[in-house]
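Participant: Pulled these from Swiss-Prot:
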- 1-24: region 'Disordered' (REGION)
- 1-15: compositional bias 'Basic and acidic residues' (COMPBIAS)
- 458, 464, 503, 507: [4Fe-4S] cluster binding site (BINDING)
- 507: siroheme binding site (BINDING)
């Protein structure tokens, strides 16, 4: 891949003047300014309390109020229902089969064996019997009913974990590089992620009051209760990652804020390149919404990284769009006011000028499977988890039971990756054989083909309320079909990134996959092609509203052309652009421009 050295050259255009005031926190003023409904909910919430405590006591329903449904996200939960059962329950005049998805906050994705065992027990006791590793280095539970919410949260708290700010208009879970070979750099990345996570955590006591029956803390001025966020928190979600080249397994260009480790020849940290303005979500048919890859804005010294993180987030707090949530992410803020103005304001808040970015190079955004020895002599085993779902498969791998057994004997830690996989980390050399025996006994090393190890899928149906099509449940069968097609053209060992989401919000980051599927409706998908293998370039729409049954037939001629006409070492995403099947996407606003994407497959 090309070296990434500087921010994208600015397009010649005029930008708006940034606002000079802090966000509106008065209810009357918010109404007069026509702020979004969520802003009113936050203002009236009493720092994220709302009526959640009372709603939990209403046993006649498995749901909570609509306003509390927005606030509970800040506590790490989404209200969902089983969409497979909707029609049947409606016919019987029953309430929807409500339950909650619970997402943990695990900075850097590191958990101890003790914590793993506790999380496993929670899954089997209160959730649907599975754990799900997410695309952002944490766990989700599905199927937790309202009456079990407090018990679940208290069990999570008992092993020194929580779900605070795992969702909502706040800084979300902070990701960090997991590359096990670069032990020192990984430690620096993890420490920065953990420090940022702790510093930017909401300070309201609402989570402990509601879920742990803690004593209510009397509120005061905004600066006392929430010194960073204030009463209205952020305009929208905010995601931070820390990467260590040459691996981009955290997909740094897909996030609001990123730190890229700049290392010397001895792999010692010199500082961080700072990226801003990435994000995946969009809305079908609305071209003023788009995914965007982050700009490489500047370089900062190690001691300034935390100040930069807080400055970037608070500029977004003050400048972000609070009228239209679809245009509220940092990517739109930078498009609206310009990168130069944004950097200048960040520097003003940091109190010093930042340096220009340093050269760096990413080579891939996938995981390194199997055993890897770190610089410190410890060993790390990366295991593939299909779509991140940790469960026992009948007649196949027993992920839940096998990882439970490993946790019972493991003396190191576990690391979740941004690709929905898990690393059994920090294993002494003399304990490798014990881990290998358990991996073999439970079949945990089965089915890791080239295509599967580069695949991601969101949960989608039946639990996600936003899903327009299947994803996790459909992906395995589709991969089998596409593997057959690739093998027919001698491409079975080619690494090609492939991702699927059930809606355009892009949780599995499909717009930076070489092959991306985005749900349009039941069994129908938009097909995107042409992203960079290292995650640094967006894809382009190749075919719209493709029936699920036609996906293989649509891609097979492209695989044939790739096998026949590719250049040495050429990646699939680069090939489809050079061959003229799709136009190259420069960045976000260019995403919807399909000019040049009209070549028919020979």
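Easy rule for this one: first residue shown is 1, then count along the chain.
Cβ coordinates are placed from backbone N, Cα and C, and glycine is handled just like the others.
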Participant: Near residue 503 ([4Fe-4S] cluster binding site), which residues of its chain come within a Cβ-Cβ distance under 8 Å, counting only those 6 or more away in sequence?
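Facilitator: Listed in sequence order, they are 460, 464, 466, 467, 468, 469, 518, 519.
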Participant: Given a 10 Å Cβ-Cβ cut-off, pick out the one of the binding-site residues 458, 464, 507 that has the most other Cβ atoms nearby.
Facilitator: 458
Participant: According to DSSP, does residue 507 ([4Fe-4S] cluster binding site) fall in a helix, a strand, or coil?
Facilitator: coil
Participant: Within the same chain, and leaving aside 458, 464, 503, 507, name every residue whose CB is within 8 angstroms of the centroid of the CB atoms belonging to the recorded [4Fe-4S] cluster site, in sequence order.
Facilitator: 459, 460, 466, 467, 471, 501, 502, 505, 506, 508
